[in-house]
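Features of the protein shown, as given by Swiss-Prot:
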- 1-159: domain 'Obg' (DOMAIN)
- 160-327: domain 'OBG-type G' (DOMAIN)
- 166-173, 191-195, 212-215, 279-282, 308-310: GTP binding site (BINDING)
- Ser173, Thr193: Mg(2+) binding site (BINDING)
Amino acid sequence: MKFLDQAKVYIRSGNGGAGAVSFRREKFIEFGGPDGGDGGRGGDVWALVVDGLNTLIDYRYQQHFRAKTGGHGKGRNMTGEKGNDIILKVPVGTQIFEEDNTTLICDLTEVGQRYRLAKGGNGGFGNLHFMNSTNQAPRRANPGLVGEERTLWLRLKLIADAGLIGLPNAGKSTFLASVTAAKPKVADYPFTTLYPHLGVARIDAREFVLADIPGLIEGAHEGVGLGDRFLGHIERCCVLFHLISAQEEDVAKAYQIVRNELKAYGNNLSDKTEIVAISQIDTLTLEERKVKQEVLQRVTGKSVMMFSAVSGESLEAMLRAGAHMIEMVRKEGVDRDVRTD
């Protein structure tokens with residue numbers, strides 16, 4: 001299934017049904033009086049979170065949604081039936097914005113959660129409502145009220161426990177494929193990953209959801225390479241795995257580029273717990289590993305892990321560190337920098 005994390009939709013709730021003009025006509029009842037029923041209420045438009053979805057691709061092919069008009073009132077004081085609702089099924093983590101794509105309407109984070117986006121118009125009054133002491137046989141009724149019409153943006157922010165960040169070709173997809181059942185595209189060229197992937201990692205009877213987002217470049221927070229869209233997917237993560245490729249000549253610069261983008265993007269991304277790790281160490285000698293690790297530790301002020309997804313070296317240590325930090329963040333409600341021996 002193709003991935004789409006943003007979509008524009010046009011919705012309209014149903015109009016209310018018209019009230020009826022009707023009079024009671026029965027044998028032996030000379031003056032039956034009015035008995036026109038009210039119109040039914042128009043259908044609503046709802047957003048509903050369902051399980052098993054992780055994309056908004058359906059809304060690329062259908063953008064217009066209109067609920068049904070309420071039924072018209074009938075004689076014998078019968079109210080028209082309510083118009084059928086329209087339900088927009090969305091994945092967990094969907095945010096819905098006004099047409100300006102800035103004003104947040106709702107943030108849907110749990111399966112089964114729903115939100116009414118547009119309320120159907122009320123039905124019109126039948127002629128029974130207009131009877132009074134001076135008008136015993138009113139011949140008027142109200143039309144139903146018009147439904148609401150809105151243009152909305154749907155934006156998906158994946159819900160994961162930990163996120164993988166780094167420059168293109170930092171080995172994020174290879175790491176995800178090695179520790180989960182996810183099958184992201186892996187190749188020896190930049191920007192192999194074009195959209196986020198999710199996988200479930202397991203270690204020591206513990207498990208957590210891991211999100212791999214496409215590589216970040218300078219200017220990502222301003223939308224360069226769609227970086228601002230990708231950064232949104234890690235806003236909900238407890239922990240960030242910041243991977244730096246062992247093949248980078250200047251590992252400190254590679255680290256700082258991504259850190260600068262996190263700070264510029266805002267939303268407290270730069271304050272999240274960070275596990276810094278050098279990937280692809282199977283390409284280095286022991287001496288080269290030591291040099292790059294020491295350089296990064298001086299720049300970050302943190303212990304720096306090293307691993308190889310190809311050889312499997314230190315993969316379990318990475319997962320244990322991630323699982324431990326996720327538990328710590330959840331328990332304490334604060335972010336802490338990882339410390340490894």
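Any Cβ shown, glycine's included, is placed from N, Cα and C.
Ser308 (GTP binding site) and Ser173 (Mg(2+) binding site) have their C-alpha atoms 12 Å apart, to the nearest angstrom. The subset of binding-site residues (Gly166, Pro214, Gln280) lying with their Cα within 10 Å of the Cα of Ser173 (Mg(2+) binding site) consists of Pro214, given in sequence order. Between the binding-site residues Gly166, Pro214, the minimum number of other C-beta atoms within 10 Å of a residue's C-beta occurs at Pro214.
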